[in-house]
Amino acid sequence: MKLDSNDDDDVSLFDAEEDSATRKNKIKHPVASFFHLFFRVTAILVYLFCGLVGGSFIACMVTIILLLSCDFWTVKNITGRLMVGLRWWNQVDDDGKSHWVFESRKASGNQSSASRSSNAESRIFWLGLIICPVIWVIFAFSTLISFKIKWLAVVILGVVLQGANLYGYVRCKVGAKTNLKNMATNYFGRQFLKKAFTKQEES
């Protein structure tokens, strides 16, 4: 009878580990994950469709601007907080000075499983946040090269709005007091010193 009890305990512990891994890879906020990608991907598709097929420039421009605006608000105020536990905003103090605030939810043992970010949601969030602004930057260069100046304002708006969210969430991730320029300088400095020491050891 004791052997059976130990076997049951082993099975229950094994199942618990599987359940924990499943929860980490499970999308806990499917609606937020959907709209995190929906507005920005749709804006890119509308831009490509209008550029290839043609149509009313005013209608296309208004549609893209509305999609980009909805995406900026959704990512800044909803999906970042739900999917990765990050948020940023601007506040004005009593003296009338403007301050940017970057916050990150700290992981703790007392934190409920529902409030923790899953790996799947984190990947969706950061991939969508990084790839789409890069695409708009490519659109900006292609607009200049092809002399489609009428689309330049729309493309710049896409770069600015999605780039602002990317910058804000990167600041939240690395820390509000961290200087990104200093981070990049230190990184490249370490890489240079590493290569220098490697060459000395080889010689």
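Just so you know, glycine gets a Cβ as well, placed from its N, Cα and C.
Sequence annotations record features per position, and here TrEMBL assigns transmembrane segment to 44-68, 124-145, 151-170.
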*What else in the chain is close to the transmembrane segment (44-68), if you only count residues 6 or more beyond its ends and a Cβ gap under 8 Å?*
132, 135-136, 139, 148, 150-151, 154-155, 157-158, 161-162
_Sequence-remote partners of the transmembrane segment (151-170) [C-beta within less than 8 Å, at least six residues beyond its ends]_ = 40, 43, 47, 51, 61, 64-65, 68-69, 71-72, 75-76, 80, 84, 86, 88, 100, 102, 129-130, 132-133, 136-137, 139-140, 143-144, 180
_Long-range environment of the transmembrane segment (124-145) - Cβ separation under 8 angstroms, sequence gap at least 6_ = 27, 33, 36-37, 40-41, 44, 47, 75, 79-80, 83-84, 151-152, 155-156, 158-159, 162-163, 165-166, 169
